Amino acid sequence: QVDAVRVYVNSSSENLQYPVLFVVRQQKGVLSWQVPLIFRGLYQRTYNYQEVSRTLCPSEPTPETRPSDQIIFVDVASMAPFNIAYELLVTRLENFQLETNKAFNFTASPSQPQYFLYKFPQDVDSVIINVVSDAAYPCSVVSVQDIVCPVYDLDHNVEFNGVYQSMTKQAAITVQRKDFPGEQFFVVFVIKPEDYACGGSVPSSIHGNVNRTWNLQRTKNLQVTIVPSIKKSVYVQAMFFSFLSFLSFYLGSVVVAFVHYIRVQRKASAGRLSPEHGSGMMTSSHPISASTPEGSSYGAIDESSSSGGRQLSSPERRPPAGSDTDSSVEEESDFDTMPEIESDKNIIRTKVFLYLSDLSRKDRRIVSKKYKIYFWNIITIAVFYALPVIQLVITYQTVVNVTGNQDICYYNFLCAHPLGVLSAFNNVLSNMGHMMLGFLFLLIVLRRDILHRRAMEMKDIYTLDYGIPKHFGLFYAMGIALMMEGVLSACYHVCPNYSNFQFDTSFMYMIAGLCMLKLYQTRHPDINASAYSAYASFAVVISLAVLGVVFGKNDVWFWVIFSMIHVLASLALSTQIYYMGRFKIDGPDSDLGIFRRAVMVLYTDCIQQCSRPMYMDRMVLLIVGNLVNWSFAIFGLLYRPRDFASYILGIFICNLLLYLAFYIIMKLRSSEKLLPIPLFCIVATAVVWAAALYFFFQTLSSWEETPAESREKNRPCILLGFFDDHDVWHFLSAAALFFSFLVLLTLDDDLDTVRRDKIPVF
């Protein structure tokens, strides 16, 4: 048992010019202070206390010697030319050493800090110090310091040594035995003279003697409990659980591929289907025009309406089937080699009823090469984006480890398990799913790509004029984006804070954008955006996100500009989608001709045909989409959310969900089918996303608040004693994104035996 002594002094003197000086000399150190004790705050405020209580650095008997009495010298002095009365009381602390799993209650104030000793039990390598209080204020600091005298236990020096956190109602610090060679440490509790550091009110700037405050009552009742942390075996179990959970997706994919292979072989043996089909998920289907409801917008025109499309899609006008290779000689000018009257894209794309054959007329080799640029560009972007991010978060973690300031990073400290230099290894490990499932998706896409190439080599007719054109570049880019989301999310959780939250969302923007582009490319393969335009748009979005982090807190001008950009971008994109990219404000050379053209287009398409737009389905989608985006713009302008990155991500996700819902509704309306696999993926996506969002909204920390206020939201682990709610969100969101990608990959497998001049465009 370690003996500790506490010295209490009190003086009635308020003369700051002649304070009473107390010096305590011990065997291994000297401790001194003055009365009145002065603390300084903002705007030169001073807080003076006439009662001071300090715990002296304890002396522990060595194994070679027996316990002996401690000799302590207390020197009291003052330069005052008059007598000053003081009171001195020395007491022995009965409960100086904290015990494992046993709560201890005490009281502290700015002039009467407390600290206690804790020794590691023999079988414990790591402990968690839990500190709670019923009152949020006064603001306090919890510090863990090595057994060194003097102990830094005042507001102005508590940050000089060890690890520390600010605290309102709750704090938690994980301490490992390896960090303390003596296998023991001090737990120090300091009450701050002001509350602004914990999110409390900031004192106003007042000059004069009013800035002096005497004996402000700032007493706080605290309870500390030290509990053993998890053992090394739990780390191993958690890593195996993470790996095996996502390995099961690989096994499931192998089983599905094997079952599909057996079914294809049986159909091939029956002579009904080629053994190697390009889609890799072939099912018989019938042309949708046979069952299109009367009055429907699709399949309602006669055969002559798409004769041009069938004429171009005849085998004799196609390039050799086996020539699916990249070539450096093909240029964009080769894309539009059409017959005479049909060579004008304006004639084709402005038809009331469009079919896939109208928008898949370009040489498939060049189009495939165009979409492969998405894949190579995103790899380049990922490397150049990720390397500085990794370097930055390593610097963050180093600063935390060196300074001991745990207010820099917003962890869930009740479930933050360190490993090596990482303070919260569990938050990093839980991002494994994004990387493993992203790689699995790349393998699935690669399999389909290989099967399609084999079918092309065999000159399978189904790969020429039937089904959705197979371009896999965007799918490869989506797989890389999913893997990079795991990498950057792990980087963010190395030290989560306001400054680097954009790392966690940047590739989420790209994932949402690539999904929308892929959905649009499905039935508009010839007119989809190029990789350069798409990634340039993403760069603009990420730039706006960075500006929002810097200026989006309180600057109204930023939100006005951003809302205007948002609304104008929505209108411009809607115009391009409605006119299939053929809208141009061109006219005579004079500027008046351009405005005259704009007025004519507005009158013809928006006023004259207001009751019945030329493209009704597209118009309905775009009206709803613009209403959603304008609502976001108005919401941002009025409320100015501080989490700007999540605000932009919400815009992307809502637009993606709206477009996907429209696509599926139009698909069913056109009497197309949902095969079992895409139907299962849709249901799985909905269920897993619902479960994931439940855990996402279980807020465990928030960098929108001060570190002390954020710790009030901390919760214990819920899975294996290792993972918290946010880790479960990582697991489920990775699975949900994977199923979402599979929906886009398999959604139109029912059209593999349908002629392209029978597949409507919407």
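Don't overthink the numbers, they just go from 1 along the chain as shown.
The backbone N, Cα and C atoms fix where each Cβ goes, and this holds for glycine too.
What TrEMBL records for 281-295 is compositional bias 'Polar residues'. For 304-314, the entry in TrEMBL reads compositional bias 'Low complexity'. Residues annotated as compositional bias 'Acidic residues' in TrEMBL: 327-337. Residues or ranges marked as region 'Disordered' by TrEMBL: 272-337. Among the features that TrEMBL reports, transmembrane segment is placed at 238-262, 374-394, 432-451, 472-495, 501-520, 532-551, 557-579, 619-638, 644-665, 677-697, 728-747.
The stretch in closest packing with the transmembrane segment (728-747), judged by the count of Cβ pairs under 8 Å and taken from 432-451, 619-638, 644-665, 677-697, is 677-697. Contact between the transmembrane segment (644-665) and the transmembrane segment (501-520) is supported: at least 3 Cβ pairs lie under 8 Å, counting only residues 6 or more apart in sequence. Residues 349-350, 520, 544, 547-548, 551, 615, 618-619, 622, 625-626, 629-630, 632-634, 636-637, 640, 651 of the same chain lie 6+ residues outside the transmembrane segment (557-579) yet bring a C-beta within less than 8 angstroms of a C-beta in it.
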